[in-house]
Amino acid sequence: MSDISKASLPKAIFLMGPTASGKTALAIELRKILPVELISVDSALIYKGMDIGTAKPNAEELLAAPHRLLNIRDPSQAYSAADFRRDALAEMADITAAGRIPLLVGGTMLYFKALLEGLSPLPSADPEVRARIEQQAAEQGWESLHRQLQEIDPVAAARIHPNDPQRLSRALEVFFISGKTLTELTQTSGDALPYQVHQFAIAPASRELLHQRIEQRFHQMLASGFEAEVRALFARGDLHTDLPSIRCVGYRQMWSYLEGEISYDEMVYRGVCATRQLAKRQITWLRGWEGVHWLDSEKPEQARDEVLQVVGAIAG
């Protein structure tokens, strides 16, 4: 697409970053100044009743700056990147029609990628095929299935850990249904995003600082009632660790504690470690992201001013 045709597209802003980097605070600050409406880009914030452990914006923050695509699913329900793209495009169109600019804020990089580049035409899940794969795993083990994937799709096998049954079974399922590998199909992208996007990533300058923030925030969550929040989910009886909601960082570790599998101290340790690993993955993804403007979260006023400088021309 030429620069001229790009310039004629409606505007949008991406504010990306690792967990605990200050994205929400900056987005709320920007909403006071720019004609923007916020859309959450977070695979954990979509769930109702999961507020403390996801660091969901509180009632006061949401009053000052409403976020779309929060609390749109029960924890028992699944939500895919395709679901997000459909919902986000609808919200963006609504915001643009009102003469305002969509500001998409969050840390689920897969959602940002799906929105920006479109989705490859992967086949829908097939319960029968999935059941056969799981039966084979029960009989032979996931290591055996991982070796099978190495023969079928070595690129996907290199990316997927043998202890990640969800992604492993999906890669095999795609091949068994379509006859094409996951790698082959994902190289065929869908429709690009019909917006002129200004992309920002916010993070602390030092990894140690981010690690400190993550640990502090995890302890703040515990002090704010995180255990009680997960106990309420646990008591429902219909939720389990195979669900994406309960696999969210922090929730999975607390769940293991409530099931008596690990001690409280071990839960805290694992929760902090898992959150740090998530942040590392998010930063790794962002480092390979093209056209992103980096912001230092330790200098919030400077970060705000840099965004205003870049997008100020579109605010009129």
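Including glycine, each Cβ sits where the backbone N, Cα and C put it.
For GLY17, PRO18, THR19, ALA20, SER21, GLY22, LYS23, THR24, the entry in Swiss-Prot reads ATP binding site. In the three-state DSSP scheme, SER21 (ATP binding site) is classed as coil.
Taken from Swiss-Prot, the feature substrate binding site applies to THR19, ALA20, SER21, GLY22, LYS23, THR24. Neighbour count (other Cβ atoms within 10 Å of the Cβ, all protein chains): 23 for THR19 (ATP binding site).
If you look up Swiss-Prot, you'll see 42-45 (among others) marked as region 'Interaction with substrate tRNA'. In the region 'Interaction with substrate tRNA' (42-45), the DSSP tally of helix, strand and coil residues is 0 helix, 0 strand, 4 coil.
Annotation note: THR108 (site 'Interaction with substrate tRNA') sits in a coil segment as assigned by DSSP. For THR108 (site 'Interaction with substrate tRNA'), the Cβ neighbour count at a 10 Å cut-off comes to 19, with all displayed protein chains included. Swiss-Prot lists THR108 (among others) with the feature site 'Interaction with substrate tRNA', giving sequence analysis as the kind of evidence.
Feature annotation from Swiss-Prot assigns site 'Interaction with substrate tRNA' to ARG130 (among others). Residue environment of ARG130 (site 'Interaction with substrate tRNA') contains 16 other Cβ atoms, counted within 10 Å of its Cβ in all protein chains. ARG130 (site 'Interaction with substrate tRNA') falls within a helix when secondary structure is assigned with DSSP.
Note: the region 'Interaction with substrate tRNA' (166-170) comprises 5 helix, 0 strand, 0 coil (DSSP; helix = H, G, I, strand = E, B). Summarising the annotation, Swiss-Prot assigns region 'Interaction with substrate tRNA' to 166-170 (among others) and lists sequence analysis as the type of evidence.
Residues or ranges marked as region 'Interaction with substrate tRNA' in Swiss-Prot (evidence: sequence analysis): 247-252 (among others). Averaged over the region 'Interaction with substrate tRNA' (247-252), the predicted model has a pLDDT of 98.
Under 8 Å from some Cβ of the region 'Interaction with substrate tRNA' (280-287) lie the Cβ atoms of residues 16-19, 107, 109, 201, 203, all in the same chain and six or more residues away from its ends. Residues or ranges marked as region 'Interaction with substrate tRNA' by Swiss-Prot: 280-287 (among others).
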Report summary line: Apart from the site residues THR19, ALA20, SER21, GLY22, LYS23, THR24, the 8 Å Cβ neighbourhood of the substrate centroid comprises GLY17, PRO18, ALA25, ALA55, GLY107, ILE202, SER297
Query - Pairwise CA distance, THR19 (ATP binding site) versus THR108 (site 'Interaction with substrate tRNA'), rounded so that it is a whole Å - result: 9
Report summary line: Quick note, ARG130 (site 'Interaction with substrate tRNA') and THR108 (site 'Interaction with substrate tRNA'): C-alpha atoms separated, nearest Å, by 26
Requested in this report: Please indicate, using numbers and ranges, the residues of the same chain that are 6 or more beyond the region 'Interaction with substrate tRNA' (42-45) and have a C-beta under 8 Å from a C-beta there.
Outcome: 53-54, 56, 67, 69-71, 79, 84, 106-108, 110-111, 244-245, 248-249
Query raised in the report: Which one, from the binding-site residues PRO18, GLY22, has the smallest tally of other C-beta atoms lying within 10 Å of its C-beta?
Result: GLY22
Requested in this report: List the other residues in this chain whose Cβ sits within 8 Å of the Cβ centroid of the ATP site residues GLY17, PRO18, THR19, ALA20, SER21, GLY22, LYS23, THR24, in sequence order.
Outcome: GLY107, ILE202, ALA203, SER297
